[in-house]
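Working notes, beginning with the structure itself.
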Amino acid sequence: MLCNIFKRSLQANIRNVNNLNVLRLSSSSGPRGEIQDALDIEANLFGNSDLRHEPMNTREALRKNRFAGRKPKVPFASVASRNLSAPSNPAPRVAPTPAPVIKDNELNLEFVRLTLQDPLTSTLLTTVRSRKRRDKNRQIIVEGRRLIQEALQCGLKMEVLLFSQKDQLALVKEEVGVAQVETGTKIYKVPQHDLKTWSSLVTPPGLMAIFDRPSDKGLEKNLAEQQRLGSQPFPITVVCDNIREPNNLGSIIRTCAALPCSQVVVTHGCCDPWESKALRGGCGGQFRVPIRDDVTWDELALTIPPEAADDCHVFIAETNQRKRENNQTIDYADIKGLGAHNLLIIGGESHGVSEEAYRFLNLVGGKGKCIYIPLAAGIDSLNVASALTLLLFELRRKLIHQASEKE
């Protein structure tokens, strides 16, 4: 290809030289102006030509021929800056119009009517339905008039109240009115079908509230109030193991609050004690007794009060007949000698007590016992909450008797 280029260039130059020779021969007797013009053409022949006789290798000649006629590439930075540059006339963003606040003179409350298109609706829905969001914000969802009143009575802070019908709001107007003035509770009216979708209950009560979880300060205040009324917590910690049913866990917490126990420990693998069904099963017990949830067996020893760590007794309530045969068990009525603090481990009806619980029992040596409730022939077990009620009040009776003997 390079030879062809040089060949064509040489042929063109030869033709131009021949033309000049003809001009010289014909102009020997011609006028002076024509001869000068021919000489100027000869002098500038290669200077004005588009062809250049430049040293060039084959690779460079092929590259020039391949990319001849193409547009030069635009650097990436210039393209990016051009594409990412702001438009000359950006469209202004229209901020959503906030819903008007409705002042109800009859209830003496202020609320906002939410629609499905309101951005706040999706935010509230995420908070209600997402356990991860609730755990991060340490919030709980409370449904129903009685449970909301119980939470307010125990000093919990109500962030949001949702209602669908005005007559339902009227049932709690006094307590909610105080909360709105003191803590700035926000009240929203939503359609009944939306509230039914958000609720985890089959029959929604029409009232749903978002509360902050009980704080240590609030529990200490409730404890001081119980002591003032003559109700001192007993040195008993109930440890829930493999409790998978929310209603059963709620009933267990309710019994512990009724005794009352020092605290309730919910081990890893149990259901959520702050789930809506567990709260309804607890009937407000979660607001009155300290609860430590999602505790591993390695962390269980840290829940024992430091002042009673040297004299802590551990009891396992075993309902499985086969496990009772493999371990030395005693009748719960034959328990003798309780410690400065006592751990009662109770398992679920389906899975029973785990092997981790027995390994923890072996750590305390002679201060650990496996107990059972004798039942009639043909009856395999009791409901876990019913069994716990029998055991706790028997331990309470023995603690009272033990204290009276020391006096």
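Cβ atoms here come from the backbone N, Cα and C positions, even for glycine.
Per Swiss-Prot, these features apply:
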TRANSIT   1-25  transit peptide
BINDING   G347, I373, L382  S-adenosyl-L-methionine binding site
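Within 8 Å of the Cβ centroid of the S-adenosyl-L-methionine site, not counting the listed residues G347, I373, L382, the chain contributes A317, E318, T319, I346, E349, Y372, S381, V384, S386, A387, L388, L391. Over all protein chains present, the Cβ of G347 (S-adenosyl-L-methionine binding site) has 22 other Cβ atoms lying within 10 Å.
Cβ-based neighbour count (10 Å, all protein chains) for L382 (S-adenosyl-L-methionine binding site) stands at 16. If you take the C-beta of I373 (S-adenosyl-L-methionine binding site) and look for same-chain residues 6 or more apart in sequence within under 8 angstroms, you find A317, T319, Y332, L382, A387, L390, L391. Spanning the listed S-adenosyl-L-methionine site, residues G347, I373, L382 have a farthest Cα to Cα distance of 14 Å.
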